[in-house]
Amino acid sequence: MDLPVNLTSFSLSTPSPLETNHSLGKDDLRPSSPLLSVFGVLILTLLGFLVAATFAWNLLVLATILRVRTFHRVPHNLVASMAVSDVLVAALVMPLSLVHELSGRRWQLGRRLCQLWIACDVLCCTASIWNVTAIALDRYWSITRHMEYTLRTRKCVSNVMIALTWALSAVISLAPLLFGWGETYSEGSEECQVSREPSYAVFSTVGAFYLPLCVVLFVYWKIYKAAKFRVGSRKTNSVSPISEAVEVKDSAKQPQMVFTVRHATVTFQPEGDTWREQKEQRAALMVGILIGVFVLCWIPFFLTELISPLCSCDIPAIWKSIFLWLGYSNSFFNPLIYTAFNKNYNSAFKNFFSRQH
């Protein structure tokens, strides 16, 4: 008998105790058919690929930063912190989440491992989100305050942001364990999930998502305004077009000089400013895509995480799984987006692989 086609139906062949007592009959003693439908195998393969690719890509970014000496500075320390959080998501969180899906969202690995998994899940995902926020803030200050935001200041601020990111993530993830703020494991129903206590739901979702969401949206709005202001300033520094050549003659009889102006537009713009503007435009585009993907990946999950405990809504398990894995996929997209807009990473990757042969 094929299992229902959804993420939550990748159940193992061993039935639950209730099913054993009430549903086993003569017909159930016949040989079982394949555990997973074709669609289930495809989904399982896709999720397995997502886990492996997320781990490999973030590990590559992290290894490159550690190996290349020129990357041992800002903003690459922020990228390294993001890669650490994302590689931990792929190594510690996603595999157990995949096992959870295969078990039909029934947790059969005990209370301690459940608590550890949930704590790692909240810690690593929250750190990943706040690392994106830190990168956006660093880009914002480097674009809008490049004279004041010196290398020393930038290094100090980035280290503080990294420390605050992991400290806040640890507080949010460990609060249920340290303060008894709700329960993550139910032995009777074999459930393992983030605490459903309404007060903790508000605290965790605001601290892990809604607050950084407000920060990144504000930051990108300011970056957009700064970019528009620069374009406006560049226009005011240019001379209006001249339709025809103009001759200017000196009024003095001796000697007589004639000036002919044939250029349509004269723009006063140092070459250094042009290079800086191009760099800032790439940075603004990178931040915009990074923020956009971050919002699209995580907002469905955090909306349900906030609404469900407050209204006691019963959200179908299939949607919980989809929203959860959509959020996990953000850890796959983060390094792709950042390295795609940085030519130094592309050349560093080529050198990294060429040295292996």
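Placement of Cβ uses the backbone N, Cα and C atoms for every residue, glycine included.
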Could you identify, going by Swiss-Prot, the member of Cys156, Cys192, Cys214 that forms a disulphide bond with Cys114? Cys192
In terms of membrane topology from Swiss-Prot, Ile65 and Glu187: same side, yes or no? no
How many Å lie between the Cα of Cys192 (disulfide bond) and the Cα of Asp121 (serotonin binding site)? 12
Tertiary contacts of the transmembrane segment (156-176), as residues 6+ beyond its ends and Cβ separation under 8 Å: 74-75, 77-78, 81, 118-124, 126-127, 130-131, 133-134, 137-138, 141, 149, 182-184, 195, 197, 200, 203-204, 207-208
On the 0 to 100 pLDDT scale, where does the topological domain 'Cytoplasmic' (64-76) sit on average? 87
Cys114 (disulfide bond) to Asp121 (serotonin binding site), Cα to Cα, whole Å, comes out at 10
Within the same chain, the residues 6 or more beyond the ends of the transmembrane segment (288-312) and with Cβ under 8 Å of it are 129, 132, 135-136, 194, 196-198, 201-202, 204-205, 208-210, 213, 216-217, 220, 223, 319-320, 322-324, 326-327, 329-330, 333-334, 337-338
Tell me the coarse DSSP state (helix, strand, coil) of Asp121 (serotonin binding site). helix
Tell me, by DSSP, whether Cys114 (disulfide bond) is helix, strand or coil? helix
